[in-house]
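Some notes on the structure that comes next.
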């Protein structure tokens, strides 16, 4: 049987079921088998491994994962795709489709039901553009026992994930993702290999979970509050941003300035110039003065 991800087969499937693409669900189907195979290559899933997919569409990536993994679990929010997936994935008995919004699903429960204890599992997905960040954060914050992620996303978002301090793309998203994972941009995917064609190119990003976060922080929740406050207005200094936007800290500019100076951070610097290590040092220095 021909692979799903060819222009003709995709067209035939879509026409057979009278399927109309929903822009609100960010539906863009990949029609290039080479790209799909490279994505699966980067995930390095062995014959005993597992994969979690989000938004399988008509099953193009699911099919390639099913050929290599022992078990594939895919979350699909759109009920209209279920009969299509029943047909396209019929040759594979190692795939389970879950008709749920992954953001509302109990992913831990699904994980325990579907995978063996200690099984090597990767999240591999062409993520819908409009929910890329919430999905990544949900799966990272819930500490799902996966090795990592190989995910396709809007190139602009991928650039932000991998950004270094002092660059225009560096922000709270870069820090949050790099706190939990090692980030690598493994390929760029042109918009021309999708149906319908999106307005922008995509990136495939590999995120490998760190055994423990890259920096040690006393209070993780407060660390992220400090990071978010520091980027609240990019043109403002660290001093201004923290004094105006850090809600859990006393409105005391002198105290703030003294702490910054003591740890060797110039209060006139901007948030985007600080490394993740400097943010950890800063939040740890501010914690004792935090309002309870």
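In case you wondered, yes, glycine gets a Cβ from its N, Cα and C as well.
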Identity of the S-adenosyl-L-methionine-site residue among 8, 37, 126, 199 (reference: 28, 30, 55, 76, 101, source: Swiss-Prot): 126
Recorded S-adenosyl-L-methionine binding residues, 28, 30, 55, 76, 101, 126 - maximal Cα separation rounded to whole Å: 21
